[in-house]
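Student: Annotations for this protein, taken from Swiss-Prot, read as follows:
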type	residues	note
BINDING	Glu260, His263, His423	Zn(2+) binding site
ACT_SITE	Glu330	active site, proton acceptor
ACT_SITE	His331	active site, proton acceptor
Amino acid sequence: MTRILKLSHLTPQQLNQLKRRSEQNIDQALAIAKEVIEQVKMEGDAGVLHYSRQFDFAGATAENLRVSEAEFAEAEKLVDPELRRAVEHAFRNIEKVHAGQMPPPMHLAEIEPGVFAGEKITPLPTVGLYVPRGKGAFPSMMLMLAVPARVAGVKKIVVCTPPDKEGKVEPVSLVTARMAGVDEVYKLGGVQALAAIAYGTKTVSKVDKLIGPCSIYGAAAKRLLSGIVDVGLPAGPSESIVLADETTDPKLAALDLLIEAEHGSDSAALLVTHSASLAEKALGYLGEYLEKLPPWRKKFCEDGLGSYGGILLTDSLQASLDFINDYAPEHLQVLTADPLKLVGKIDNAGEILLGNYTPSSAATYAIGVNAVLPTGGFARSYSAVSVFDFLKRSTLAYLTEEGFAGVKETVTTLADYEDFPAHALAIRERENLL
């Protein structure tokens, strides 16, 4: 049942539980994920197939784990033209947004006479993208991950996505993968998929980085694999905050609260407001809109709103903003009287969506901003997926003779103080050698 919680009445323990979302259950998931990872690490393909046959499809073999060219061709024939046009529209906007993020491949600046410093930007050689499916098909997620990787110039893009029980990958996702420049798609889900691309097997390519949203078990696996491969931003179960005030239409507040709530029973969706009247009205409309959803989506909403979300009533707009910055939501929708005025007061959110015409669903599919965002409070230190997740930076420096002369005394003084004689010797001897 959806709750109205009064922020000032919550005990420290209750507030902490609210801020932890479903991550409070991760300890059990860690034990399960560790067992799967160890088996894949030790047995390679055999370990992957053991779990794939249990959780993906019973007929999994080393030969059919990778999507074939024939399967890509078949998928092309199955996609409805209207759906293809929608995917192409989303692709264009996502590509434009991420192309605009690209830095120059190299820059050097003269910071004092003869002293040049800068960076060289290089794409990662290989990345593994995890595109979930458990609660539905997500071709949009394929775009959000693969397009910035391709724009960044990654040489090899590998995707793992769960198949259906017949061993088929959803056709729109395959068409989208080709559109976005994916090189390999494997019919793998869950912890076994992440372990396979982290360690590599005879069949599955090893990658330099893996990235993508996961269930709580996938989030646990990423923690365990973080010493083996770069696991990117923490992207677990969906979460959102809708910020409202007394001017907000309660129908919009109720509608937008359900957007992230329908992702799953482990999703955390909160309506945060200092208006008791708005809170009560929105709660009433929630029941009405829940009845418009399929039973299984309705249950996801009811479970998540009852366990990890609901309506949070604060004492003031400032108290709402303070809570938001502390909670650091994945998605933040601002439905207040003047949303632009509040942007400068919001420090911690994966995405900030402003105004009545910008629901989270529009950002998920069509605006072009990336919808793969940090969860679990990690928006305090992580950002949305971008081209920068697929690029690495090498510092670049060059000294002319004049520049060397200008810094040599500083270098030798500091090297002597820190007792690194070889550092200082490399400077002093150069005066005799050059």
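Every residue, even glycine, has its Cβ placed from backbone N, Cα and C.
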Student: Hey, which of the recorded positions His263, His331, His423 is the loneliest by Cβ count within 10 Å?
Tutor: His423
Student: Output, ordered by sequence, the same-chain residues six or more apart from Glu260 (Zn(2+) binding site) with a CB under 8 Å from its CB, or 'none'.
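Tutor: For Glu260 (Zn(2+) binding site), the qualifying residues are Ser238, Glu239, Ser240, Ser267, Ala268, Ala269, Glu330, His331, Ser360.
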Student: Quick check: in three-state DSSP terms, what is His263 (Zn(2+) binding site)?
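Tutor: Going by the DSSP assignment, His263 (Zn(2+) binding site) belongs to neither helix nor strand, so it counts as coil.
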Student: Helix, strand or coil by DSSP: which one applies to Glu330 (active site, proton acceptor)?
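Tutor: Glu330 (active site, proton acceptor) sits in coil per DSSP, no helix or strand.
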Student: When DSSP states are folded down to helix, strand and coil, where does His423 (Zn(2+) binding site) land?
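Tutor: Note: His423 (Zn(2+) binding site) is helical by DSSP.
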